[in-house]
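Positions annotated as DNA-binding region by TrEMBL: 36-105. Annotated compositional bias 'Basic and acidic residues' per TrEMBL: 1-17, 25-35, 71-110, in sequence order. Positions annotated as compositional bias 'Acidic residues' by TrEMBL: 124-141. Annotation source TrEMBL lists domain 'HMG box' at 36-105. As annotated by TrEMBL, region 'Disordered' applies to 1-43, 56-141.
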């Protein structure tokens, strides 16, 4: 029974792979489409401008790889002073992103609080009397 052990081991490996695939799908499904996108770095801000210039100079070139390679070489050749405006734009976008994320996180926290407040108010509504005072009348007999 030399072969029996290896078959069992291979089956265990397959089941582990299946579990990993399910968790990866769950992660992808858990992404919120309303969440703000991360801001581009200084290099990607530079590439936005560089793509336009490159396409004007090379209208027949359809290769994305060629544009990326040329942009990378150009970025490396720039001095710190030439990179500064792109870094400033990237920093500005980062600040805007942080403000959007704060608002997004407050909204998420607010939704959770709203749900708990609703449940509290529904309970309090049931306790209120006809006069709306929310206090029960006690009879002293």
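Numbers here mean position along the shown chain, with the first residue as 1.
Glycine is no exception: its Cβ is also placed from the backbone N, Cα and C atoms.
No curator has checked TrEMBL annotations; they are predicted automatically.
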Exercise. Express the predicted model's confidence over the DNA-binding region (36-105) as a mean pLDDT, rounded to an integer.
Key: 95
Quiz item: Against which stretches of its own chain does the compositional bias 'Basic and acidic residues' (71-110) lie, if we need a Cβ under 8 Å and a gap of at least six residues from its ends?
Solution: 34-47, 50-51, 54
Quiz item: How does the DNA-binding region (36-105) divide up by DSSP, counting helix, then strand, then coil residues?
Solution: 56 helix, 0 strand, 14 coil
